[in-house]
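Trainee: Below you'll find the structure I mean.
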Amino acid sequence: MAEKRNIFLVGPMGAGKSTIGRHLAQMLHLEFHDSDQEIESRTGADIAWVFDVEGEEGFRIRETQVVADLTEKQGIVLATGGGSIQSKEIRNNLSARGIVVYLETTIDKQVARTQRDKRRPLLQVEDPREVLENLAATRNPLYEEIADVIVKTDEQSAKVVANQIIEQLGF
């Protein structure tokens, strides 16, 4: 790989963006970044706290700035937050500054992967499945719209998915 290109992972919560991203970055000798972790680092607080204090709108403003900053780097793998796709500015930055990989997963798999995770503010409700279904209806078309590559993550290990991404990208 002569030039260091960016790889941006998009997809719903529970798709495996962070886990797969770490494997991918290690395999390709690239830096790994997670936009949610970067927000936590910059604010000194976790995502749930940011949602509680600033609301989703405040969180999305922070997320837009973080993604703008990170996508200006070269030679990175970036795991984006599941909702970041809703921002036109973020979609434009991802499309213009790297290769976008959509990690696709089923609602059943999302529920299984996120059911014990208390760090997901949008799922702290009585029926998280309904929330995930509603989010999928809104967000999945946006993931598909900007994706250069789509990879299904159900029933596969993170390492296998990372290898599939590398093969599809021809790296």
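From the backbone N, Cα and C atoms, a Cβ is placed for every residue, glycine too.
Found this in Swiss-Prot, in case it helps:
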- GLY14, ALA15, GLY16, LYS17, SER18, THR19, ARG120, GLN156: ATP binding site (BINDING)
- SER18: Mg(2+) binding site (BINDING)
- ASP36, ARG60, GLY82, ARG139: substrate binding site (BINDING)
Trainee: Based on Cα distances to GLY14 (ATP binding site), point out the closest of the binding-site residues ASP36, ARG60, GLY82, ARG139.
Mentor: GLY82
Trainee: Over the residue list ASP36, ARG60, GLY82, ARG139, recorded for substrate, what is the maximum interresidue Cα distance in Å?
Mentor: 18
Trainee: Excluding ASP36, ARG60, GLY82, ARG139, please set out which residues of the same chain place their CB within 8 Å of the center of the CB atoms of the substrate site, keeping sequence order.
Mentor: MET13, GLU63, THR80, GLY81, GLY83, SER84, ILE85, GLN86
Trainee: If you measure from the CA of ALA15 (ATP binding site) out to 10 Å, which binding-site residues from the list ASP36, ARG60, ARG139 are inside that radius?
Mentor: none
Trainee: Fill in the CA-CA distance, GLN156 (ATP binding site) to ARG139 (substrate binding site), as an integer in Å.
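Mentor: Cα of GLN156 (ATP binding site) to Cα of ARG139 (substrate binding site) measures 23 Å after rounding.
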Trainee: Have a look around THR19 (ATP binding site) and count the other CB atoms within 10 A of its CB, chains all included.
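Mentor: Total other Cβ atoms inside 10 Å, all chains included: 18.
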Trainee: Out of ASP36, ARG60, GLY82, ARG139, point to the one nearest GLY16 (ATP binding site) in space (Cα versus Cα); all of them are binding-site residues in the record.
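Mentor: Closest by Cα distance to GLY16 (ATP binding site) among the binding-site residues ASP36, ARG60, GLY82, ARG139: GLY82.
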Trainee: Name the residues of the same chain, 6+ apart in sequence, whose Cβ is under 8 Å from the Cβ of SER18 (ATP binding site)?
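Mentor: In sequence order, the residues whose Cβ lies under 8 Å from that of SER18 (ATP binding site) (at least 6 apart) are ASP34, ASP36, GLN37, ALA79.
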Trainee: Could you give the Cα-Cα distance between GLY82 (substrate binding site) and THR19 (ATP binding site), in whole Å?
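Mentor: Between the alpha carbons of GLY82 (substrate binding site) and THR19 (ATP binding site) there are 14 Å.
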Trainee: About how far apart, in whole Å, are the alpha carbons (Cα) of LYS17 (ATP binding site) and ARG139 (substrate binding site)?
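Mentor: So the Cα of ARG139 (substrate binding site) lies 15 Å away from that of LYS17 (ATP binding site).
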Trainee: Determine, to the nearest whole angstrom, how far the Cα atom of THR19 (ATP binding site) is from the Cα atom of ARG139 (substrate binding site).
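Mentor: With distance taken Cα to Cα, ARG139 (substrate binding site) is 21 Å from THR19 (ATP binding site).
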Trainee: I'd like the number of other C-beta atoms within 10 A of the C-beta of ASP36 (substrate binding site), please.
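Mentor: Looking across every protein chain shown, the total is 23.
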